[in-house]
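The following features are taken from TrEMBL:
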type    : residues : note
DOMAIN  : A:26-328 : domain 'Aminotransferase class V'
MOD_RES : A:LYS191 : N6-(pyridoxal phosphate)lysine
BINDING : A:ARG334 : substrate binding site
There are 2 protein chains.
Amino acid sequence: MKKHYLLAPGPTPVSPETLLAMATPIIHHRSPQFAEVVAECRVGLKYLFQTKQEVLILASTGTGAMEGAITNTLSPGDTALVVRGGKFGERWGEICAAYGVNFEAIDVEWGRAVQVADVAAKLKANPAIKAVCIQAHETSTGVNHPVKELAELTKSLPGTLLLVDAISALGAFELPMDAWGIDIMVAGSQKAMMLPPGLAFACLSEKAWEFTKTATCNKYYFNFSKELKNIQKNTGAYTSAVSLVMGLRDVLRYFKEATLEKIFAEHQLMSKATKAAVKALGLELFSQEGASDALTAVRAPAGVDGQDVVKLLRDKYGIMIAGGQAEAKGKIFRIAHMGYIGNFDIVMIIAALEVVLNELGYKAPYGAGVKAAEEVLFGGA
Amino acid sequence: MKKHYLLAPGPTPVSPETLLAMATPIIHHRSPQFAEVVAECRVGLKYLFQTKQEVLILASTGTGAMEGAITNTLSPGDTALVVRGGKFGERWGEICAAYGVNFEAIDVEWGRAVQVADVAAKLKANPAIKAVCIQAHETSTGVNHPVKELAELTKSLPGTLLLVDAISALGAFELPMDAWGIDIMVAGSQKAMMLPPGLAFACLSEKAWEFTKTATCNKYYFNFSKELKNIQKNTGAYTSAVSLVMGLRDVLRYFKEATLEKIFAEHQLMSKATKAAVKALGLELFSQEGASDALTAVRAPAGVDGQDVVKLLRDKYGIMIAGGQAEAKGKIFRIAHMGYIGNFDIVMIIAALEVVLNELGYKAPYGAGVKAAEEVLFGGA
């Protein structure tokens, strides 16, 4: 028997309890029964987003919510500022281009976080910028951008929004929407939210809702004003993805019970342990700064192709991590700390890494990485 | 204990086997394991759509696929012809308007099917019409439009496509895409496909793919060309809704094994039985013509509000059917014959209808409807 393990940055493992919650009989999306479920989710989502605003539930992946963030607040000919430090930063720019929104880009070396001063300079040089588009965690590089500091900039500019892709961030680390002054935060179900792919979320500040009143970008399916009116009545604009929403209620109950504080601490511990372990094996992190607690991106050692690490783990041992994307392909591999995983899954993946690195000709002393991980996770022996 | 029954026109009941197929552990959307699942779905979808073309799998509800059908084939300023004989016909027009596509409308009385001659006259009067937008089954009225005959018209016009919303039609009755010459057929998971909501499908003829080359409507998430390239590699443009796709494989195996011919015959039999039963109770069908095998829309008898029938069934007996929408609200109620239901579910809903009609003051002799249904379903006693 080959047992399968999933430690990729989305989709992530879903707990058996949540899987069974989603396997309950289908209920109608416009029924009192389902309205109760949505009502409970609305409260739970506000807790998770740390906001007083309504969180919209969309039947799509996170990319759909990113598209909606642009099309619901901007108009063709408007200018956005896009921070591109990885594949998902590029996506913001692609969406702007697809809808006739002009954008200036700050190109950040993959593996680095944007400099707040660079964003400030751009905003000063061009007061017409109506939105700063960023990733809280750039999944392709394992880097967190300085969202809190960027929000400090945009908060003081009445004509500029901060749009944050929190798809692989929400639920993994601290990202208090209201306290920091984020204007739109979008998320996806299949990362730290511990659900299958298929739901996206968008939450708008009062300032962002003001922008929706004048935004003329074309939109129909991703119409946030229409979704707002519907979720206030505990339903959706179109047919809700009811089985995924049943799962959503289940995970939101868990988040509330476990508390965000404890969940963030758990992610941080798994992240520290993984980072300590790969360093103990003589490997380097890909992230030069802002290393995320959601993910550890590791530089493949000299002579080893990062894709071979991924393939050997997957094909020989049934363990799914992620390789590098686009320009990072072959150079890195990525181990996620999101979803239904525990501390011993970290021990497992580090042990597996020791094995495959040796098989690929890189001398990694058995147990050296595991020892470092154990020390972080469980204290000194 | 109040047992729950679902006979609404989407979402529909999902079989326990499919629910459990979706409850298997999450696999990565870019893995050989998942590629095998998608490869099998591609074959099964072609069988279901009766086409040689690729069927795209989208993470959204059917409305997203309708939007994509417009934005991927038309440009702002183009003209479409929209048949509006119910709520979903109106949606085609709303999508056109949202993307700057002009449209002419043929307004059909709710409960009636469009006249082919009326469409032919419009097409003759305005050769600039680039798309005819129609529902195979207008869910809000229970009427099938004459898709086969409309395709005869558009087939001979190189500059005009036939866009068919088959969301509540595909899998319920005969709709052979290639044989009839339909240019785009869109579907949703939560009707006769017997899956939860959350997946949409779009299939384009060669002629429609030609139109995509020049279409300039804004689009990003619903980019059919990008999806085509990805599904040809057994994956999706964005993160696939993997758990729903596991369910999709399961139902497609069922469709193949049971055969479309037999499945359509079953829908037809349940539809005939329901229609005979409501007539035996002295009720009238709402559909004046083209009564669909997917659904029976019934006119509420004089003195009875259709919404009260729905609410009493739901709140007192746990049975979910659908009421009328928009201008049909209160006037009708709708019983679906789609999803994981069998002949005795039809007997059940007719018996329930006899009970609630009497409670609402309409004299419906107990057993009269059931008798008529039994005779159709099981032959003479």
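Using the three backbone atoms N, Cα and C, a Cβ is placed for every residue, glycine included.
Keep in mind that TrEMBL annotations are predicted by a computer and have not been checked by a curator.
Figure note: comparing Cβ neighbours within 10 Å for the recorded positions A:LYS191, A:ARG334, the maximum is reached by A:LYS191.
Cα of A:LYS191 (N6-(pyridoxal phosphate)lysine) to Cα of the residue listed as 'substrate binding site': a span of 14 Å.
Taken together, the residues in the domain 'Aminotransferase class V' (A:26-328) have a mean pLDDT of 98 on the 0 to 100 scale. The secondary structure of the residue listed as 'substrate binding site', as reduced to three states from DSSP, is extended strand.
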